[in-house]
C-alpha cells in the first residue's frame, strides 16, 4: 500500500505536467491584478483625500471672504457718519456714507423697513433683492446671499439699519459675484480627476474640473457657514478592494501568490519528470477524425415560414394629454404595449438615444404589460434596463442615475385597479400633448423601426441608491413621529424607508403593496381616502400623517388636529423655504391653486407663474423658465433645487419633514399658520356627452362673470378681489373639474352662485353639487 501511493502521486504529477505553466501564469496574473488593484485603491483614496482637503479649504476661504464683507457692512452701519444720518432719518445720506470708499462695491442703499419701494420695483427684476432684505428683517441679523440681478448673479448683503436701538431701515449692498467665487477659482485642483462646484440651491455659480463626475457631486457637498452656498465635489468612484484585501494585506497576498507561481513553474515540473506515465488508450485526434459520422436518428422537420400575427387594434382614446392610460383587457393588453414600446423605441432612434429604464407599479396587470413593452422597445433596437416594481419617481430617478435620459413607468397612478398606463420620458423630456398623439400616429401609419438585431435587456435594483441619495441630501433636526398611508400602492415599501433614513419615526398604514387596493382608493386628493389616516394619527398622537397616491408621485398631508392641508398651502411652505436660498426664483403653480399663493411667493421674494394643470405640462414650463419649484393642487410637487425637477411625492415628504423639524412650533401649528381662507376641494362633474373640452369651449364663449378678471390658460378661471372660481376639462377622465376659493363663506357662496348660473345657462341638465 505504501509503495503504490507515491507511485500514484508521481503519475498524477506527470499527467498534469502540461498544465503547470498555465497554472503558474494564472497565479502570477492574479498576483499582479491584486497588486495593481491595491495600487489603484491607494491612488483613489489619496485622490479623494486631496479633494476633500481642497473642498474644505474652499469652504473656509469662501466663508472667510463673505464673513469679512458682512463684518465690513456691520462696521460701516455703526460708523459715526452713517449713525448721524440714520438718527436724522436721512436714508439717502446714510446710503452715501455706507458706500464711501468700499472697494469693488457695485451698489449700496438703505430702504425703509416696509420695503414698499422694493416691492414696487419687483417687475424690474427685484425679486432677489426683496428676498435678501426680507431675510435680514426676519432673522434680525446681517445675511449674505447670491441673487439674480438683471445683469447676472451678484453677491448681496443685507442688514437691519438702526440708530441706536431704533430700526430705521434695511441696508442693501451689492458686490461682484467674484467675492464668492474667487476662492474656488484659486483652489488647487486636478482638473482631469476631480470636480468642484459652488452652488446655491439648484444653481451652479462656478464649476471646475471633469464634468463626468457632476452627477455624484452632491454626495460630497459641504455648506458654506452663514450663507446659502455649498461647495460640491466629486472624483472617480472609489475602487473596491478585491476580496476585501485593502492596502498592505493585498500586497502580502500578491507576494504569496507570486511565490506559489514560481513553485508551480520551476519546482513541480522537475518532480513530474521522474514519474512514469501510463499509456493513454483513448483514440488520438487523427484516429477520431477517421471514424464515420453518426447517422441521424430523429425525424426530419419541414421548416416553413411562421404565420404573421394578426394586426393589433389600438384605441386612439388611450393617448391622453399627459400620458397613455386605458382599461386592461379593453383598451390595453400586451400586444398594445408592444406597439407602444416599438413606437417609443422608434422615437428614441430618431433622437439617437439607445438606453431606457423601465419599471412598474404594483398593479396585477403590470408584469404582462412590461413584457410587451420591453419586447417592442427591443424590437426597435433599444437597450432596456428593467428595475422591476418601483414608484414612478424612482423610475424617473433611474433615468438620471443610470444616465439614460429615457424611462417609462407602467402605472395606473391613482385610477381603479383595472386601469394601467405609461408615463414616458425621452431625452429628458416628459412626453405630453402632440408628442403623445404622435406615438399613436406612428403606430397607425406603421412608422415603426425594426432593428436588424434586438436591443439588450438587463435588470437593476436602484432602490437603495434612491434612498441613499435622499438621505444624503435631507436629514431632520428632530425626530418626528409620522404615519404613512400608501393606500396599498407601490410607494408602500420605499416611502417609509426614505422617511426613516432621514431620521423620522414611521408608522406604516396600508403599506403592503396590493394591486387590488383593498382598503381605500390610492388618491390623497379625495378627503374620504384620508379618514383612516387621520384616525391613526390621532390615536397614536403622531406629529403628522403622510399619504401617497398609487405610484408615489403625489403627496397628501393631514395634521394631528385632523386638518387636511391642501397642496397649494404646502406649496407656500415649500416656496418660502426654497426662496431663502434662491431669492428671485420662479415658482410655477397650476390654475387650481389658491389666489393667496402668488402673494405669498412675492412676499418671500419669488416670482409666481400660473400655468396649465398636468405633470408633464408643468415640467415643460419649469424647464422653459428655469423654475426652482413647482406644484399642483393635485399634490404633484417638482423640486429643481437640490433635486431633479420631476414630480416626487416621496422626496416632497422628506423636504416637508425637514422644514417642520427645523421649527420650534408643533408641525400642526406651522401648517395652520399658512395663509388660508374658505375653499372647496376639486369638484368633479360628469361632462355632458362625455366631452368636457367641448363644454368648456361653450362655457368660455357664453359666460358673463361680472367684475372678474378671466384667465383662460386652462379652462376658465375668474378672479375677484375676495375669491375665485374655476371650471376646466379633465385630461384624464370625461369630467369637468371645478374649484372655488374665497376669503369667507359669504364670498364663496356668491362666487359659486355666479358660476352655477352661467354653467346651467350652457346646459340646464348639468348635475351640480353646489
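From the backbone N, Cα and C atoms, a Cβ is placed for every residue, glycine too.
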### Query
In TrEMBL, which of 174-196, 197-219, 220-242, 243-265 is tagged transmembrane segment?
243-265
### Query
In TrEMBL, which of 276-307, 308-339, 340-371 is labelled region 'Disordered'?
276-307
### Task
Within the domain 'Alpha-D-phosphohexomutase C-terminal' (698-757) only, compute the mean pLDDT.
93
